[in-house]
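According to TrEMBL:
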type	residues	note
TRANSMEM	74-93	transmembrane segment
DOMAIN	109-580	domain 'Glycoside hydrolase family 9'
ACT_SITE	HIS510	active site
ACT_SITE	ASP558	active site
ACT_SITE	GLU567	active site
Amino acid sequence: MYGRDPWGGALEINATDSATDDDRSRNLQDFDKAALSRNLDETQQSWLLGPTEQKKKKYVDLGCIIVSRKVFKWTLGCIIAAALIAGLVTLIVKTVPKHRQRSPPPDNYTLALRKALMFFNAQRSGKLPKHNNVSWRGSSGMQDGKSDDSTMFKNLVGGYYDAGDAIKFNFPQSFALTMLSWSVIEYSAKYEAAGELSHVKDIIKWGTDYLLKTFNSSADTIDRIVAQVGKGDTSGGPDPNDHYCWVRPEDIDYPRPVTECHSCSDLAAEMAAALASASIVFKDNKVYSQKLVHGARTLFKFSREQRGRYSSDNEAAIFYNSTSYWDEFVWGASWLYYATGNTSYLQLATTPGIAKHAGAFWGGPDYGVLSWDNKLTGSQVLLSRLRLFLSPGYPYEDILSTFHNQTGIIMCSFLPYFSSFNRTKGGLIQLNHGRPQPLQYVVNAAFLATLYSDYLAAADTPGWYCGPNFYSTDVLREFAQTQINYILGKNPRKMSYVVGFGNRYPKRVHHRGASIPKNKVKYNCKGGWKWRDSSKNNPNTLVGAMVAGPDKNDGFHDVRTNYNYTEPTLAGNAGLVAALVALSGDKSVGIDKNTIFSAVPPMFPTPPPPPAAWKP
């Protein structure tokens, strides 16, 4: 059957192909071999040969490189397996309970520091905050100022009771605040590590808020300041007063006189030092810091204009007699220079005549002993700091180098190799030459020794000379440690002289509030004597109080009526806190070199910029 081919010619349909496979094979061999000699691409081959089974490629083209398909599969498999294993390990780590390495327990100095600060909470006067954390104390002294018609200062609520009585002495209280502020400025990182920075700043502010009430702090010129609130008559008269009466501060209902002074250079300069040093502590609170600086300026101006000793004509001479005011001039001027950067204060602090009157060029039995009465040693260390780190040079170098050399001599006197001060058989240095209440002087020396050691370390100085012998800074720290360890219990009596620290400590502290139970019974002046004279332990624990201390033979009598052994004070505890924080924590965490200089301008003028490049 034939069909018509549309292009012409015949088209056979359903024609039977009679040729066999062998015939077709022979016919293919008759093709022109030359036409098939050239290489054909895959498409052309498919036209001629029809569909064939394609072989798998042996290589994989990754763009930048060509790798074996086998290697590629193995590599990809390994990556996937590693990812799965890593994910599994991460899941296990996240889900399994963690066993964190415990931080080392706090050292004894840190533990004692936390307790020593609690003493100040127990000494607070005025309206107590809810967080005061001393259960047996309450608000007291709420009529201070108002009950004395002779004074112009009617709001004298607040501040701190000095010791075991209810008197507020501005002189030792101001010194205590200065010492606390100095310790915070130098060792704020250690306070932070101990978790006590906000606590100690709160303690300082409670005191400075009160000091601002004791003079006209908004004025530039004043003619009087408050020296004392309360009366400590020791004559044994029947009139109620803060010495004759043994009552809790919360139960005081008798009038409390206010003592003012009009020529009290020592007190005013010490108060100026307290406010000036605190202004550096609170420098981040600009308004409050400036308020403190203004008050310090006003007080120091008053101290220079109205010359006189604050204790020359009042009963303060019995308790806190000031021997001179020249050391307070150097002390107050030094702190005001750091707080303001005003070089007039530095000029005054480095005036040779003032240094001479302060006792810088002669010895004496108490030379080199820092106390609430004598601040010369503290001033010498404080100004040595300036020379070590800023080196202001002329015209201050003469006195600064003298103070620096004298500081080195004082540090030598603390060492056991020298005979400036005796020691008890137990090792306690006798800075007050065997007189009662030695510990307040010992803690101040321990603080200064540790601080000066840290000064030298920060200045990359390995030690200092005592005559021809060179001593490492480590011996200063060792001296401080032996003295504080003695106070904390490493002594012949195996007794801690800090209440609440250790297993054995004084239980009959000379302290009215601690010795009378909080039983809602109000005792009159004589009614409280039974608690004073009792041989029983105090019903309330005065945590952190450092008592007056042992005698020159390492002896101690835990008797409430003997204040030479068992009475704590603000000034003593401030020195204890400063020494403890200096020794606490990691030795590698030294002082804060820069904060104290935050208000001090550059010592030398900034050099002019280089001239512009010459252009033709």
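Please read every residue number as a count from 1 along the shown chain.
Any Cβ shown, glycine's included, is placed from N, Cα and C.
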Rounded to the nearest Å - Cα separation of ASP558 (active site) and HIS510 (active site): 9
In the chain carrying HIS510 (active site), residues 6 or more apart in sequence that have Cβ under 8 angstroms from it: ALA163, GLY164, VAL547, ARG560, THR561, ASN562, TYR563, THR566, GLU567, PRO568
Among ASP558, GLU567, which are active-site residues, the residue with the most C-beta atoms within 10 angstroms of its C-beta: GLU567
Rounded mean pLDDT for the residues that make up the domain 'Glycoside hydrolase family 9' (109-580): 96
